[in-house]
Every structure is written in structure tokens, then in C-alpha cells.
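**Q** Next up is a structure, given as C-alpha cells.
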Amino acid sequence: MSSTDAEAKNEEAVDWEGPDDPENPRNWNQGAKMTHVLLVSSFTLYSNLAAVMFAPGAQDLVAEFGITSTIVASLTVSIYILGYVFGPFLLASMSEIYGRLIIYHICNAVYIAFTIGCALSTDTAMFLVFRFICGCAASAPMAIGGGTIADLHKPEERGKAMALFGLGPLLGPVIGPVVGGFVTQFLGWRWTFWLVLILAGVVSLLALVLMRETFEPVLLTRKAAELRKSTGNYRLQARTYNKDLTPAQLLARATIRPTKMLLMSPIVFLLSVYCAFMFGLTYLLFTTFPAVFEETYGFAADVSGLAYLGLGVGMIISIGLFAVLSDKLLHQPHGGTIARPELRLILMIWSSPLVPIGFFWYGWSAKYEVHWIVPILGTSVIGLGAFLILMPAQLYLVDAFGTEAAASALAANTVLRSLFGAVLPLAGPSLYDSLGLGWGNSLLAFIGLAFAPVPFFFYKYGERLRVRFPVNS
């Protein structure tokens with residue numbers, strides 16, 4: 001290509017009007033950015049609340065619908081999480097073609113409609129189908145929320161935003177059973193869905209009014225279309241436009257990308273497996289709470305859900321630590337070089353031993369029936385460690401793979417995490433029946449310790465591996 005052709009091509013490429021263009025989402029005022037982060041965080045909160053808020057009422061539904069199979073009874077709760085396995089691949093890829101906003105709005109509408117369906121269900125099949133579709137729709141903010149944060153914030157500004165984004169997936173399962181227990185006792189299991197519906201409806205209406213598109217390629221494409229119309233120059237195209245691929249080919253490529261990243265990138269695969277194991281452990285831990293706190297410590301059924309708050313306290317502490325330290329670590333001078341994404345893993349390296357320590361603490365104190373506050377303190381350590389593993393890993397994926405592939409990287413992470421969250425708890429009863437609380441939790445702790453070197457390995461070799469295994473295309 002000649003220099004003249006190159007200049008002509010540059011003149012026809014539509015871009016932002018300089019680094020300070022107010023239309024660029026990264027240049028929006030802090031109020032607008034925070035509004036979007038809070039709304040996306042609210043999406044994840046109510047979608048994760050719904051995952052387990054119904055659990056205390058599951059036995060009432062089983063009795064009402066005459067369910068006799070233990071597998072089907074378990075599915076009434078876990079099929080929602082299975083929706084998280086199937087939804088992200090399609091939703092993340094569509095967000096990278098059509099933008100984030102339309103995906104949020106469509107999925108919110110679907111979620112609301114099928115939550116009403118769950119509340120009004122009259123038989124098992126109807127309930128399971130509606131709840132699965134709810135799970136698929138609820139996976140949208142989990143899959144593309146990190147992409148929205150990457151659209152809005154430069155890498156060195158993402159720590160606080162990701163801390164807020166991480167509230168939902170981790171605090172939802174903690175608060176859900178507490179609220180669900182009281183709602184089921186006083187209002188019935190159907191009201192767990194009506195309550196989520198009210199919350200989802202309010203947040204969705206606010207999103208319709210306040211949210212705007214944030215994805216750069218979509219915004220530049222719209223800008224180019226307006227300029228073509230106003231100038232009559234039909235050669236104008238967005239800087240991000242790919243003339244070699246049709247929309248169908250772009251969608252196919254974006255749909256394949258999460259799978260490609262999971263299978264071909266050791267970074268995405270190993271970090272996703274590690275996160276999935278940590279996420280699955282927290283759900284598996286929940287299966288022990290009724291036996292430990294109701295049978296061993298004599299908690300009444302209506303207050304046994306308060307035992308979940310130990311995890312919540314640990315997570316709240318970790319949110320503060322993450323928000324304060326994550327971006328500071330990225331700002332530290334490192335030999336005069338530009339901060340690399342691997343610096344996000346420092347918090348993860350420090351925190352890796354905490355979850356195993358928490359499981360040792362919880363398991364053996366519960367086995368020997370030490371005062372009930374002691375195992376709850378152990379779960380606080382688990383909550384602290386789990387958040388400081390999951391959030392640095394997600395933020396690292398966002399920073400390492402950029403705005404255009406962040407949603408795909410997080411979709412791959414969400415799929416594995418949700419799969420482990422749905423399946424691993426099923427192993428809980430047989431594990432603890434065979435080994436007891438002490439050695440059963442110790443086995444999980446030893447597996448957690450085996451994963452501890454993973455973040456250090458990627459801290460040291462991640463940059464080299466990203467070059468060796470490129471998956472952004």
C-alpha cells in the first residue's frame with residue numbers, strides 16, 4: 001500500500017475526537033461511570049440472590065408438587081446454576097457484536113418474565129424449564145459485566161469497580177438463604193420469586209433510564225453511520241470495522257472465542273479451573289451448614305441461615321482490601337516499565353493459603369463441637385480468601401485480554417465456575433459421610449493448597465504465555 005493510499009484509509013477511519021473526547025465512555029464523568037458499575041453490580045446481586053434464596057423453600061415445593069426423586073428435588077435449586085453454564089458463551093459473543101446494552105435489556109426482560117413463571121408454576125416440568133431459562137438470562141451480567149468495566153475504566157482504575165462488581169456473585173449466595181429462610185417461613189416459597197421480581201423490576205427500570213452503550217466498536221460504528229449520512233461519504237467506516245468478515249462470520253468468531261480461550265490459553269484454563277474450584281467449595285460448604293448448625297449446635301431452622309453471615313463478613317473485609325490495594329499495586333514503580341496485568345495476581349498470591357486454612361479451621365472445630373462462633377470464624381477466613389482469589393483472577397483476565405475479548409475471557413471463567421458450583425456440592429454428602437467433617441474438609445484444604453502455586457506461576461510467566469498463546473483473534 002502506498003503512503004497516499006494509507007493516508008486516504010486513515011482519513012476514512014472514524015475514531016474518537018482525540019484522547020479527551022467526551023463521547024468515549026472512558027472520559028465520562030465519575031457519576032456516570034459509577035452509575036453503570038452500580039447497576040451492573042445490582043444485576044449480579046439479584047441474579048445470584050435468586051440462585052439460592054429459593055433453597056430454604058425447596059422442600060415445600062417438593063411436597064406441593066409431589067416430587068419423589070432426590071435428583072429432581074436437587075435440580076429445583078441447581079438447574080438455575082446450570083443456566084449459567086449455557087448462557088455466557090452466546091451472550092458474551094453477542095455483546096461483542098451488538099454491544100452490551102441491548103443484551104442487558106433483553107436478558108432483564110426475559111429474566112423478569114420467567115421469574116413470574118417460576119412464581120406461578122403449577123407442576124415440576126414447568127418450574128424446571130422456567131428456572132433454567134431464568135439462569136441463562138441471569139448469566140448475562142456475570143458474562144459481560146467485566147467487559148462493561150473494561151469499557152469504562154483504564155486498567156489502573158478498575159480495582160474499585162471490580163470490587164463492587166464482585167459483591168453479587170459472592171454475597172448473593174450468603175444473603176440469599178438468610179432472607180429466603182424467613183420469607184419461606186412467613187410467606188411461602190413462591191414469595192422468594194416475587195421478592196426477586198420486585199428487585200429485578202426496579203433495577204431494570206433504572207437501567208432503561210440511566211444506562212448507555214459502552215462498547216467502543218459499537219459506538220464508533222454508530223458514529224460512522226451518522227457521518228456517512230451527514231457527509232455523503234460512504235467510504236467512512238469505524239476504526240474497529242473489519243471489512244473482511246460478514247456480521248454472521250463476526251458472530252461465529254465471537255461465539256467460538258470463549259471456547260478457544262478456554263482450550264488454547266493455559267492462563268484462561270488454569271485460572272478458570274482454580275476460580276471454579278474455589279467457587280464450588282463455597283457452595284459445597286453450604287451443604288454442611290444445616291447438619292453442623294442445626295443438628296450439632298442446636299440452631300433453630302429459622303435462624304440457622306444466620307450461620308452464612310460468617311462468610312459474608314469475610315467477603316466484606318476482602319472487598320475493602322481489594323478496593324484499596326488492587327490499583328495501588330498496579331501503580332507501584334516496577335523498573336520504569338509500564339505496569340503489566342500480572343501485577344493483579346499479587347493479591348491472589350498472598351491470599352491463596354487462606355481458603356485451605358479456613359477449611360482446616362472450620363472442619364476440625366465443627367468435628368470437636370467447639371463453641372459455634374469458632375467454625376463461623378473459620379468460614380470468615382474462607383470468605384476472605386475466596387474473594388481475594390476470584391476477583392484478582394477476573395480483573396487479570398480483563399486487563400490481559402483487553403476490552404474486545406474481556407467478555408469472552410470472563411464467559412469462559414463463568415462457565416467453568418458455574419459448572420463447579422452446580423456439580424461439586426452434589427459430592428458433599430458422600431464426602432462427609434465417608435470422611436467426616438474433620439478429614440472431609442481437610443481433603444478440600446489439601447486440594448486448595450495444591451492450587452496455591454498457580455497465581456505465582458502466572459505472575460512470573462504470564463506475559464510470556466500471552467505472547468506464546470494469542471487468542472484475541
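In case you wondered, yes, glycine gets a Cβ from its N, Cα and C as well.
Swiss-Prot feature annotations, pasted as is:
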- 1-12: compositional bias 'Basic and acidic residues' (COMPBIAS)
- 13-22: compositional bias 'Acidic residues' (COMPBIAS)
- 1-27: region 'Disordered' (REGION)
- 37-57: transmembrane segment (TRANSMEM)
- 71-91: transmembrane segment (TRANSMEM)
- 101-121: transmembrane segment (TRANSMEM)
- 125-145: transmembrane segment (TRANSMEM)
- 163-183: transmembrane segment (TRANSMEM)
- 191-211: transmembrane segment (TRANSMEM)
- 266-286: transmembrane segment (TRANSMEM)
- 305-325: transmembrane segment (TRANSMEM)
- 345-365: transmembrane segment (TRANSMEM)
- 372-392: transmembrane segment (TRANSMEM)
- 409-429: transmembrane segment (TRANSMEM)
**Q** Which listed range (101-121, 191-211, 266-286, 409-429) shows the maximal number of Cβ pairs under 8 Å with respect to the transmembrane segment (345-365)?
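**A** The stretch with the most close Cβ contacts to the transmembrane segment (345-365) is 266-286.
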**Q** Short question: which residues 6 or more past the ends of the transmembrane segment (266-286) have a Cβ under 8 Å from it?
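**A** For the transmembrane segment (266-286), the list is 52, 169-170, 173, 177, 308, 311, 355, 359, 362, 379, 382-383, 385-386, 389-390, 393-394, 396-397, 400, 409, 412-413, 415-425, 427-428, 444, 447-448, 451, 454-455, 458, 462, 465-466, 469, 471.
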**Q** At an 8 Å Cβ cut-off, counting only pairs 6 or more apart in sequence, do the transmembrane segment (125-145) and the transmembrane segment (191-211) clear the bar of 3 or more pairs?
**A** no
**Q** Should anything in the same chain at least six residues away from the transmembrane segment (305-325) have a Cβ under 8 Å from its Cβ atoms, list it; otherwise answer none.
**A** 56, 159-160, 162-164, 166-167, 170-171, 173-175, 177-182, 282, 285-286, 289, 292-293, 299, 347, 351, 358, 372, 375-388, 391-392
**Q** Does the structure show the transmembrane segment (191-211) and the transmembrane segment (372-392) touching, where I'm treating 3 or more Cβ pairs under 8 angstroms (sequence separation 6 or more) as a contact?
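**A** As far as Cβ distances go (cut-off 8 Å, pairs 6 or more apart), the transmembrane segment (191-211) and the transmembrane segment (372-392) do not touch.
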**Q** Counting CB pairs under 8 Å, which listed stretch among 37-57, 71-91, 372-392, 409-429 touches the transmembrane segment (163-183) the most?
**A** 37-57
**Q** With an 8 Å cut-off on Cβ pairs and a sequence gap of 6 or more, do the transmembrane segment (409-429) and the transmembrane segment (71-91) reach 3 or more such pairs?
**A** yes
**Q** Give residue numbers and ranges for long-range contacts of the transmembrane segment (101-121): same chain, 6 or more residues beyond its ends, CB-CB under 8 A.
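**A** Distant Cβ neighbours of the transmembrane segment (101-121) are 40, 43, 47, 50, 91, 94-95, 127, 130-131, 133-134, 136-138, 140-141, 144, 190-191, 193-194, 196-197, 200-201, 203-204, 207-208, 211-214.
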**Q** Quick check on the compositional bias 'Acidic residues' (13-22): DSSP residue counts for helix, strand, coil, in that order please.
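**A** Output for the compositional bias 'Acidic residues' (13-22) reads 0 helix, 2 strand, 8 coil.
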**Q** Taking residues 6+ outside the transmembrane segment (71-91), which of them lie with a CB under 8 Å of any CB in it?
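**A** For the transmembrane segment (71-91), the sequence-distant neighbours (Cβ-Cβ under 8 Å, at least 6 residues beyond its ends) are 50-52, 54-55, 58-59, 61-62, 103, 107, 124, 127-128, 131-140, 142-144, 255, 258-259, 410-412, 414-415, 417-419, 421-422, 425-426.
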